[in-house]
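Taken straight from Swiss-Prot:
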type	residues	note
BINDING	Cys103, His145, His149	Fe cation binding site
ACT_SITE	Glu146	active site
Amino acid sequence: MSILSLVTAPDPILKKVSSPVDTVNDSIRQLIDDMLETMYHNHGVGLAAPQVAVSKRIIVLDLSKVDIEEDNITNSEYKYPLFMVNPIVKAISNQTVTAKEGCLSLPKQAIEVSRYHEIQVTYLDYYNKLKTLNAAGWLARAIQHEVDHLDGILLVDYLSNLKKEATLNTLSKIKDAAYDK
């Protein structure tokens, strides 16, 4: 496995809608393994392929080490880490919850976002099998966050234009300072 380079805002690849994967083959599995290694290396709980400069509909998640009140996987046969290819999310309740989220592509930022509390996600797994998972709480939030990346949506897109511009300017300064070292 390899640790891949993370892409940070305002990189244009993060604003693209990702392409579906035709089949989960060995090269896709290698990408999934590398994404998982990259996510762990950067202390993340989720990662989408566009965050490593790959415009494919793939996400990886692992909330097992996060201290959260509720992390509901309501299908007991599912264990972490989760690998989702071509995920399709639908709400199974109209209840939304607002909470702060962070993102590996938006370092040092925490942004409040309202998301569905309960969802159902259909996807291809690591072995190209079609799966359906019902999720609630933080897992549902994390899945929705990562799927946003596949649709070219970033946390800053939930902010007003003024706050969005200020946040992106801050990120540019952080990035510039890192390159100057």
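Placement of Cβ uses the backbone N, Cα and C atoms for every residue, glycine included.
Structural mapping of features recorded in Swiss-Prot.
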residue: Cys103; record: Fe cation binding site; contacts (Cβ under 8 Å, 6+ apart): Gln109, His145, Leu154, Leu155
residue: Glu146; record: active site; contacts (Cβ under 8 Å, 6+ apart): Gly46, Leu47, Ala48, Ile59, Leu61, Met84, Pro87
residue: His149; record: Fe cation binding site; contacts (Cβ under 8 Å, 6+ apart): Leu14, Ser18, Ala48, Ala49, Pro50, Gln51, Ile59, Ser105
His145 (Fe cation binding site) CB neighbourhood, other CB atoms within 10 A: 22
Secondary structure of His149 (Fe cation binding site) (DSSP, helix/strand/coil): helix
Cys103 (Fe cation binding site) in three-state DSSP notation: strand
Fe cation site, defined by Cys103, His145, His149: further same-chain residues with Cβ within 8 Å of the Cβ centre: Gly46, Ala48, Gln51, Glu101, Leu104, Ser105, Glu146, Asp148, Leu154, Leu155
